[in-house]
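For reference, Swiss-Prot has these:
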BINDING   Gly30, Asp31, Asn32, Ala33, Gln34, Gly35, Lys36, Thr37  ATP binding site
Amino acid sequence: MIVESVELKDFRNYEFLDMNFNEHVNIIYGDNAQGKTNILESIYMCSTSKSHRGSKDREIVRFGEDESHIKLNVLKHGMKYRIDMHLKKNKTKGIAVNGIPIKKAVELFGIINIVFFSPEDLNIIKNGPSERRRFMDMELSQLDKIYLSNLVNYNKVLNQRNKLLKDIAFSPSEQLMQTLDIWDMQLVKYGSLIIKGRKSFIEKINTIISDIHSRLTGGIENIKVCYVPDVDVNDFEEEVRNSRQKDIKYKVTGKGPHKDDLIFLINDNDVRKYGSQGQQRTAALSLKLSEIELVKLVIKDTPVLLLDDVLSELDSNRQNFLINSIGDIQTIVTCTGLEEFINNRMNINKIFKVTDGHVVNEN
């Protein structure tokens, strides 16, 4: 899979940008706050329809303008795809694939598979459960459209059930309680499918990550990712029924996969609680490299790797390991300088310098 080019108009600090990428290693360098990450953000949005920063569309449109445009050209399995995305300040974004508008943004998932790695990915290890659920959902949604459909349906049911709980709390009635029975059935139906999907995903990650982490640490550490579902699939219906009165009291659904978590164990110790920052970084790197290998297995193609100022966060051994692991993947890297690549003798195929929203091809 190759990102051939990206064209931006009024996107963040870019009035206009047209970039053509090499199929191997592309370096985008420059000082901080010049617009390097904005380029990666535009590519990521064409994969998931959302910013990795969590930004709203109106925050992405260049200051003083009403809309922005992304055009991405991709080569996948010998077929060309053009993704056009219009972001508007006060309207829903418009998306087209090969000139054909798509009705729902979720239809974009799976067309281009992206693995995005930035220093913020350390949050997957050290922050709260929502970061780890988001990781599972974003990766699974790119690989499995059925999972994505179940996730969308579950979130709709969850929102409707929470709204109904508030109505019941303020004005209880038999009719509302009967409606709650219906939403409970839907919650269990879609929630169970999500739990099964996440369980299978983590099992696959574990078959890959153990070897990667062992090699990364010279064999002195072993890693295991433990999926911790909030409820067991077999007990889900009963758990929801038993928590009903509590849910009505607090006006929110207390049981389900929206409460799931992951635990990362290094040598049987929870790295979030007991690991050093170096161990947490290594665990995050192992996880991202495992993502790459899993995508290869599932789609029978390589993903596009976006590295946002990551090498500066790693020591020389981990830099070398990462660089040696991505030789067959198109990689687009942002950084402030070229020293890490020169020191690691990395083959650089294309170099771009960014200065205040202006990009110069230095090849």
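Note: Cβ is positioned from N, Cα and C throughout, glycine not excepted.
Everything Swiss-Prot records as a feature, shown here on the structure.
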residue	record	Cβ contacts under 8 Å, 6 or more apart
Gly30	ATP binding site	Lys36, Thr336, Lys353, Val354, Thr355
Asp31	ATP binding site	Thr336, Thr355
Asn32	ATP binding site	Thr336
Ala33	ATP binding site	none
Gln34	ATP binding site	Val354, Thr355, Asp356, Gly357
Gly35	ATP binding site	Arg12, Asn13, Tyr14, Val354, Asp356, Gly357
Thr37	ATP binding site	Ser118, Asp308, Asp309, Thr334
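All protein chains considered, the CB of Lys36 (ATP binding site) has 23 other CB atoms within 10 Å. Of the chain residues outside the ATP site list Gly30, Asp31, Asn32, Ala33, Gln34, Gly35, Lys36, Thr37, Thr334, Thr336, Val354 have their Cβ within 8 Å of the site's Cβ mean position. Secondary structure at Lys36 (ATP binding site), as computed by DSSP, is helix.
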